[in-house]
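J.: Okay, here's the structure, questions in a sec.
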Amino acid sequence: MLGLLGATTLMLVAGAPWVLPAGGADLRSPENVVVSIIDDNFILKWKSSSESVSNVTFSADYQITGMDNWIKLPGCQYVTSTECNFSSIKLKSVYEKTKLRIRAETGNSTSPWYEVEPFIPFQEAQIGPPDVHLEAEDKAIIINLSPPGTKNSVMWAMDSSSFVYSLVIWKNSSSLEERTKTVYARDKIHQLSPETTYCLKVKAGLRSPRKVGVYSPVYCINTTVKHHLPSPENLEINAENRVYVLKWNYTYENVTFQAQWLHAFLKKIPEDHSDKWKQIPNCENVKTTHCVFPQNVFTKGIFFIRVQASNGNSTSLWSEEKRFNTEMQTILFPPVINMKPINDASLRVGIGAPKESEDKSVNQLYPLIYEVIFRENTSDTERDVLEKRTDFTFSNLKPLTVYCVKARALIENDRWNRSSVFSDTVCEKTKPGSTSQAWLIAGILSAILLFPAVFYGVKVVSRCINYVFFPSSKPPSTIDEYFAEQPLKNLLLSTSEEQTEICFIVENTNTITTIEETDQIDDNHSRCSSQTNRDSGVYSNEDENSGSKIGEEILRQAAV
């Protein structure tokens, strides 16, 4: 094995030799000192500088950090060859810094010590090939791998379940058709042909710290004849509402199926886990090529699922195992959007959990971010933003304008891209901004100040219109002062309603009595006398009583 791994040997640069008095002048220190660590095998190699001296042996010491004294290196004392195996060294930890030194010896003479640069065994160790055991099926090969190192390995004691195995497989008849894949310590290679010879090799590696091992020797095996009852193929599992639906393909009829599941982490443990498979509820002895089971069968994590067909006493081989990640199957429902206007022409958006998420919010199970599409209602220009918050505000918007928003949930994980559909679009109108409010206040104040002036102007215009088109029936005061003080209401009376005054004529040659009656009829004066009153003697008079009294007084005077 060491010959196989010679290419991976580590070269440790030697330091300056630690010079001690030598017994012979021709005995020199070893050269080209090399330390090779593969798994738990520690090999020290060197080149002799005293080939001309016979009976030369070599001895080495080691020292660990914290030790004051040098200790003889086991397996490397009085060695006649140019290498030694010190795998039996009792190291407290493979993570401690270690020092080595070596010298040549012959008789009582010794060369100066040649001290090797200090090193940490784990950092310098190389990963050896795993042990490989193969079993054949008709269309598959079962692989059983043992991790590198010994059973009680000190070097890989903390990493035995962390190894990642890389396999290269090809048909023996054609090495050009190589296929490389990552496998577990207990795994199965599918999609092979029956009765065919396949060859493969495997190497192990660590991801942290990153270490890559060497390939194992090549192993070859023949697949068996085709099984009379084929295995189910093309397994597929999907989440629908609160259940999982497992489907597969099968060409034969009148068969029943059963499905089992296994925790994926068990695959990393290098041991037989065939008894760890468990039956899936509602997926036993089913006659259809699908089965439905509740989601609570699986907790959050990664699992493997396999299906087997049965026909009476005959059973098929297990199908190819389907890797199933519950996180990948989780259904993301669209979020619930709430938007309301706030001051200064801004809109506040709130994102809530959907009703379909039952009693647990989706973001309690997975870290979510939200893709938010925001736009003005009358515009096709959209603003696309990503938000981790469930409450945020869009500011500096146009006052009294309708804006619309919709959003979808995304799983915040670089390993996959999962998202929900977009939510329903929600639209809301912004409030007036501070500028609009200032203009509104200014407008109100201006209206209050201009109202008296407008009112006065309207009043003046109204008076002018009334004066021109609707003049007053009463004469102006300058004209009215020439009329009698008696009212003119009688002028408006009809003829039948006019008051009359009866005049009496008394003939007296010596005395002429003139009765003068003044009436205000159409602003003219009427007179009545004894000389001219030979007509009917009927006159209109406003005050009949006063006229009668005056007439009676005149008659009495005449009689006297």
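The chain as shown is numbered from 1 upward.
Here the Cβ of each residue, glycine as well, is placed from N, Cα and C on the backbone.
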J.: Here are some residues: N85, N524. Which is flagged as N-linked glycosylation site in Swiss-Prot?
T.: N85
J.: Could you tell me which of C427, C464 is bonded to C404 by a disulfide, according to Swiss-Prot?
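T.: Answer per Swiss-Prot: C427.
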J.: According to Swiss-Prot, which residue among N144, N254 is annotated as N-linked glycosylation site?
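T.: The N-linked glycosylation site feature in Swiss-Prot corresponds to N254.
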J.: Looking only at C199, C283, which is named in Swiss-Prot as the disulfide mate of C220?
T.: C199
J.: Which candidate, C76, C283, does Swiss-Prot give as the disulfide partner of C84?
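T.: Checking Swiss-Prot: disulfide partner of C84 resolves to C76.
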J.: Could you check which of the disulfide-bonded residues C199, C283, C291, C404 is the closest Cα neighbour of C84 (disulfide bond)?
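T.: With Cα distances computed to C84 (disulfide bond), the winner among C199, C283, C291, C404 is C199.
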J.: Which Cβ among the recorded positions (C84, C199, C427, C464) has the fewest C-beta neighbours inside 10 Å?
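T.: Looking at the recorded positions C84, C199, C427, C464, the Cβ with the fewest others within 10 Å is that of C464.
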J.: Determine, to the nearest whole angstrom, how far the Cα atom of C291 (disulfide bond) is from the Cα atom of C464 (S-palmitoyl cysteine).
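T.: Taking the Cα atoms only, C291 (disulfide bond) lies 97 Å from C464 (S-palmitoyl cysteine).
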J.: Averaged across the region 'Important for interaction with TYK2' (492-501), what pLDDT does the model get? Just tell me the whole number, please.
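T.: Computed over the region 'Important for interaction with TYK2' (492-501), the mean pLDDT is 51 on the 0 to 100 scale.
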J.: A 10 Å Cβ contact count, applied to the disulfide-bonded residues C220, C291: which residue has the minimum?
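T.: Minimum Cβ neighbour count within 10 Å, taken over the disulfide-bonded residues C220, C291, occurs at C220.
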J.: Please report how many Å separate the Cα atom of C283 (disulfide bond) from that of C199 (disulfide bond), as a whole number.
T.: 36
